[in-house]
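Undergrad: Sharing a structure, written as structure tokens. Questions coming.
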Amino acid sequence: MANEPLIRPIEAAPDWTVPQDWDAYTPQDHAMWDRLFERQASMLPGRAVSEFTDGLDVLRMTRKGIPDFAELSDRLMKLTGWQVVAVPGLVPDRVFFEHLANRRFVAARFIRSPEQLDYLQEPDVFHDVFGHVPLLAHPVFADYMQAYGEGGLKADGLGAIEYLARLYWYTVEFGLIRQGDALKLYGAGIVSSHGESLFALDDASPNRLGFDLKRVMRTRYRIDDYQQSYFVIDSFDDLLNHTTQMDFTPLYRELESLTDLDVDTVLPEDKVLNRGTQAYVRAKML
Ligand code: HBI
Ligand code: FE
């Protein structure tokens, strides 16, 4: 999350966009995309929500190489009215929300180096495009992302960005969804990570709790390792209803009077699907 001041590079437009400059990618860049893509595409069917894998197909993302944002935008525009625009890296919160509210998804254009195969601090084009873009082809999720951007612009004026950032974190980035009796992945931070795609579904360590808007907005998150709690939605319709049928202003006021919750807290009133052992973090602390 962008808390430190960011400086707009001189080559970026006032809205922070830059040309993707697709022709500048090297064969090594494309090979890195293909390597990451193949590793995820072979394990995600059955683990990721079907809307995610459908998105890869309808957007023709199954073809080799780093996607051309202009071509992706053409396809997305016809399906849900979204575009993908390139930015140099993290952008200020307001700029980010402004783009989302206008159905533009901002994506990094650089790709990680081989040393960063499994972990990198800043989102790269694989995280941003493979992780986030497929669900933008789904009409309900597409509307949720726009509503999030609009909510962000309002939250900014109310000093409540942190609460809204938590909602983004525990849904768009690290969300799980229930389909029938099974849990599936939909968060971009999970589906773009090989390790977390296994951990989030299969490991006994993390809590898996039913989604509750106020509960999520109270909960801190960690940016340096796998999550210690995941929140499970029942459907994308449900998620959209939470954000569009509610005025968050009274909720923010209430949240200010409540304590923040730690990453591993389980409350008596939580809908606990799995109570985590937290063995993964404990082992790391030894
Ligand atoms: N910028 N490029 C980029 N990508 C993000 O996901 C992003 C950002 N700036 C701010 C931001 N996310 C978050 O702080 C908001 O969700 C609150
Ligand atoms: Fe992301």
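The backbone N, Cα and C atoms fix where each Cβ goes, glycine too.
Please treat TrEMBL annotations as automatic predictions, because they have not gone through curation.
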Undergrad: May I ask you to find which of E71, E98, E162, E173 TrEMBL records for the Fe cation site already listed with H127, H132?
TA: E173
Undergrad: Give me the mean pLDDT over the domain 'Biopterin-dependent aromatic amino acid hydroxylase family profile' (1-286), rounded to a whole number.
TA: 95
